[in-house]
Every structure is written in structure tokens, then in C-alpha cells.
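Participant: Marked as region 'Pyrophosphorylase' by Swiss-Prot on the basis of sequence analysis: 1-230. Look at Swiss-Prot and you will find 9-12, K23, Q73, 78-79, G140, E155, N170, N228, R333, K351, Y366, N377 tagged as UDP-N-acetyl-alpha-D-glucosamine binding site. Under the heading Mg(2+) binding site, Swiss-Prot lists D103, N228. For 231-251, the entry in Swiss-Prot reads region 'Linker'. The region 'N-acetyltransferase' annotation in Swiss-Prot covers 252-456 and rests on sequence analysis. The active site, proton acceptor annotation in Swiss-Prot covers H363, and the record cites sequence analysis as its basis. Annotated acetyl-CoA binding site per Swiss-Prot: N386, Y387, A423, R440, in sequence order.
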Amino acid sequence: MDKRFAVVLAAGQGTRMKSKLYKVLHPVCGKPMVEHVVDEALKLSLSKLVTIVGHGAEEVKKQLGDKSEYRVQAKQLGTAHAVKQAQPFLADEKGVTIVICGDTPLLTAETMEQMLKEHTQREAKRTILTAVAEDPTGYGRIIRSENGAVQKIVEHKDASEEERLVTEINTGTYCFDNEALFRAIDQVSNDNAQGEYYLPDVIEILKNEGETVAAYQTGNFQETLGVNDRVALSQAEQFMKERINKRHMQNGVTLIDPMNTYISPDAVIGSDTVIYPGTVIKGEVQIGEDTIIGPHTEIMNSAIGSRTVIKQSVVNHSKVGNDVNIGPFAHIRPDSVIGNEVKIGNFVEIKKTQFGDRSKASHLSYVGDAEVGTDVNLGCGSITVNYDGKNKYLTKIEDGAFIGCNSNLVAPVTVGEGAYVAAGSTVTEDVPGKALAIARARQVNKDDYVKNIHKK
């Protein structure tokens, strides 16, 4: 197989987005458009991927990291000029180069693979990805000869009345023989109304050289959607959401209301898991089998076990074990590890805490910067007092400890194995194992106090 290369065009500012955020960084289902494109391209067994950056170059590089190499297009002088920036990386390479726009987040690796196969089978020097549009207004038209061969691409504004009736459009994705691409690109002129160097002009150059130019027509126009404004962004979001949700349902996940369920493209969900409406799953999330999520739950960059239930709650950058019950209205904050068979109940906040197997915090508690052992019970209103205004301190609650209601554990402090803390205590010193800590004022009852008040 020939070596494969990819050039992703991501230099445009995207003025029609009317945004401070550069166009290709606008998210679709939680992931920037350009990252969707790059991630799909990387499935093609590439030898090298080059992203052409311009506006927002540093932000794009930061987002993509080492997934790509980069070339800067300092002035946006057209698509051919953009591809030419990759010349130092690719001009001396033998193989095929696929050129993709960074604002086409719905394009799949499967479609690009089919285009590459068509390119190879036809022994073409250039292959165009085309699609049939119900309304082709604004798109370049694919003009074919009587025998079906591609003759040229005509931009909408330059098309004749007859040519505008053509519904097969240029999607802006191409495959080239690498040597032919960089030989022809040096011949592209900017003699046009915009004064720019257009990549479609390479077709006529190659045809004039007697080279084969092919086209692969995808049956899915949605895939080729280019995002240039917020309307198209909304359409891409909807199409991507439908694709992601359909994949999970086909893999055995139940979505009670797919239209109101938002799942990251990077989420992995086990079979027989049920997701209720209003659930938002962001980033790299793993969810086991037979789990119930939602309604109205947000999970971000976390791992959730099997047979776990999370209702009306937030889990962020944390790990939750098997057979856990969370919520309603619980908040698992970053760097928390929740063990197996745990209960985290109403209005409980957990932050940066190891929470052991079979332990419980059922109501109205804050547990931060803590190590909670196994079989621990935190009564209603238990608080780890972890912050002195400057530093955070560790609270350790060892296996089998029982913390009574409305207790404050002032860190740094340790409650030993099997120890009890009496309700209403403020604990400032370590509690030995098996001991009972009582840290509250002794109750005093004053007889007839209220009666005497009312006499005054």
C-alpha cells in the first residue's frame, strides 16, 4: 500500500461565526471541529498529518498537541496556497495525500477510506469527494462528460444556468498523488475575482497534462457539511448527536429520550445501561454495564462502574466503582475515587477523596481532601473542615468508623478504626480506634426558664 498523508486546512478566521473563538475550535458535541477531523483522519494509517494553521495558530496547536505537525499560513490566500505550506514536509514523499477542511466535523474515516480506494483503483492523480445536494446553492458543481468522467469544477457564482441545475457538488475534500499535487500546485494562478489560489484549479492543470481525475460520490450529504456560521454549527451538533446516540443504542444502550441526551464522541458505554433525559456526558467517559444514569445528570471525564445508579448529580474527573448509588443532587468533584457498594446521598459533596467500599454519606455532607476507609458511616451533616484560609489538610477516617450527625472533623485529624464520633461534635484531635469521641458542651436544662421570661 502506498504511503498515506493528510493535510488539514485550519487557518481561516471564520468571520461569519461572529465569535472571539476561532472557527475550527468551536465544539461539536463537546469536541472542537478540527479535532473531530484530525481524529478521523488518523484512523487512515497515515505516515504523516500536517495541519495548516493561521488565525488562532497557538490555540489550535495547544488543542491538537502531538496529533499533528503544523505549518503556518500567515496570509490566507486561498486553498491551494494553504496546501502549498505543507510542501516542505511532503513534496519529496511518494504516496497519496488527502486534503480535508478543518470545519467538516461530520466526515468519517470510512468515507475517506472509500475515496482512497477509488483513487487507487482508478490510478488517478486526483480524486474529488462529491455529494448530491437537495439545494446546491453556493457549492461548486461537478461537471462531467457524457461518459461520466470529471471535466471540471465550476464555482456557483461562475456557473451557467445549465450548470447550476447540476446537484452533484464539490465537498472540498480531495485525494492526490503526492508528486502530482506539488508539481501542479506551483502552476496555480490567482487570476480570479478574489485574487486567491484555488485548489480546484489543480484539476484542469492535471487534465491538461493528460492525467486521470476521478470522483467518489458519498451517499451521505450530511457528512460533508461545512460549518461557516452558527446555523450550520447547530446542524452539525444535531447530526453528530444523532450519530453518536444511534451507535450506542445499536450497541445495547437504552436511551429513554435520545433527543434530550448528550453524549461525547469519546464516551464508552456498556450494554444494558439505561440513560434518562437531560443527561450530559462530556469528554472521555467510561460507563460499565447495567448502570442507570439520570435524569438530569452530568458526567465529565470520569469512569463509572457497572450496576451503579447516578440520579440528578454531577461527577467530574473522578472514578466511581460498581454497585454504587449516587444522588439525587450529589456532587463528585475532581480527583475522587468512590469504591464499590457505596452510597452518596442527597446534597453530599465529595472532593479529592478516597471513599472506601460499602461506606455511606447519605445526607447533607461535605467530604473534601479525605481518606475514608471501608464500612464507614457519615451521618447527616458531617463535615471535613479541610481549609484554614491558606492550606488544605487531610482527614483520615479508618475502616468501620461511625461519624454522628452534625459533626465537624477539623483537619488534619484521624478517626481510628471502629471509632465513634458523637453527634454534634467538633473533633480537633485524633480519635483512637474503638474509642468514642464526644466534643461538645454538656447539656444544661434550666427549669422554669421560659415561664420566668414570660413573667417579665
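Positions of Cβ are set from backbone N, Cα and C atoms, glycine also.
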Participant: Long-range neighbours only, meaning 6 or more apart in sequence with Cβ under 8 Å: which ones does G140 (UDP-N-acetyl-alpha-D-glucosamine binding site) have?
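Facilitator: Within the chain, G140 (UDP-N-acetyl-alpha-D-glucosamine binding site) has Cβ neighbours under 8 Å at I153, V154, E155, H156, I169, N170, P200.
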Participant: Report, as numbers and ranges, which residues of the same chain sit near the region 'Linker' (231-251): CB under 8 Å and 6 or more residues beyond its ends.
Facilitator: 17, 26, 28-29, 33, 36, 105-106, 222, 225, 258, 261-265, 267, 269, 271
Participant: Take the Cβ of N170 (UDP-N-acetyl-alpha-D-glucosamine binding site) and count every other Cβ within 10 Å, whichever protein chain it belongs to.
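Facilitator: Here the count is 24.
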Participant: Taking the Cβ of R333 (UDP-N-acetyl-alpha-D-glucosamine binding site) as the reference point, list residues of the same chain whose Cβ is under 8 angstroms away and which are at least six residues distant in sequence.
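Facilitator: Listed in sequence order: N316, H317, S318, E349, I350, K351, K352, G368.
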Participant: Highest Cβ count within 10 Å among the binding-site residues A11, Y366, N386, A423: which residue is it?
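Facilitator: Its Cβ has the most other Cβ atoms within 10 Å: A11.
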Participant: The record lists N386, Y387, A423, R440 as binding acetyl-CoA. What's the largest Cα to Cα distance among them, in Å, rounded to a whole number?
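Facilitator: Value for the max Cα separation, rounded to a whole number: 22 Å.
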Participant: Taking the Cβ of D103 (Mg(2+) binding site) as the centre, how many other Cβ atoms fall within a 10 Å radius?
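Facilitator: The answer is 26 other Cβ atoms.
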Participant: Could you say whether, by DSSP, G78 (UDP-N-acetyl-alpha-D-glucosamine binding site) belongs to a helix, a strand or a coil region?
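Facilitator: Reduced to three states, the DSSP call for G78 (UDP-N-acetyl-alpha-D-glucosamine binding site) is coil.
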Participant: In the three-state scheme derived from DSSP, which category covers K23 (UDP-N-acetyl-alpha-D-glucosamine binding site)?
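Facilitator: In three-state terms, K23 (UDP-N-acetyl-alpha-D-glucosamine binding site) counts as helix.
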Participant: Taking every protein chain in this structure into account, which of the recorded positions K23, H363, R440 has the most other Cβ atoms within 10 Å of its Cβ?
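Facilitator: Of the recorded positions K23, H363, R440, the most buried by Cβ count within 10 Å is K23.
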Participant: Sort the residues of the region 'Linker' (231-251) into helix, strand and coil with DSSP and give the three counts.
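Facilitator: Per-class counts: 20 helix, 0 strand, 1 coil.
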Participant: Near L9 (UDP-N-acetyl-alpha-D-glucosamine binding site), which residues of its own chain have a C-beta under 8 A away, given they sit six or more steps off in sequence?
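Facilitator: Result: I52, T79, A82, V83, V99, I100, C101, G102.
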Participant: How long is the line from the C-alpha of Y366 (UDP-N-acetyl-alpha-D-glucosamine binding site) to the C-alpha of Y387 (acetyl-CoA binding site), rounded to the nearest angstrom?
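Facilitator: Y366 (UDP-N-acetyl-alpha-D-glucosamine binding site) and Y387 (acetyl-CoA binding site) have their Cα atoms 12 Å apart.
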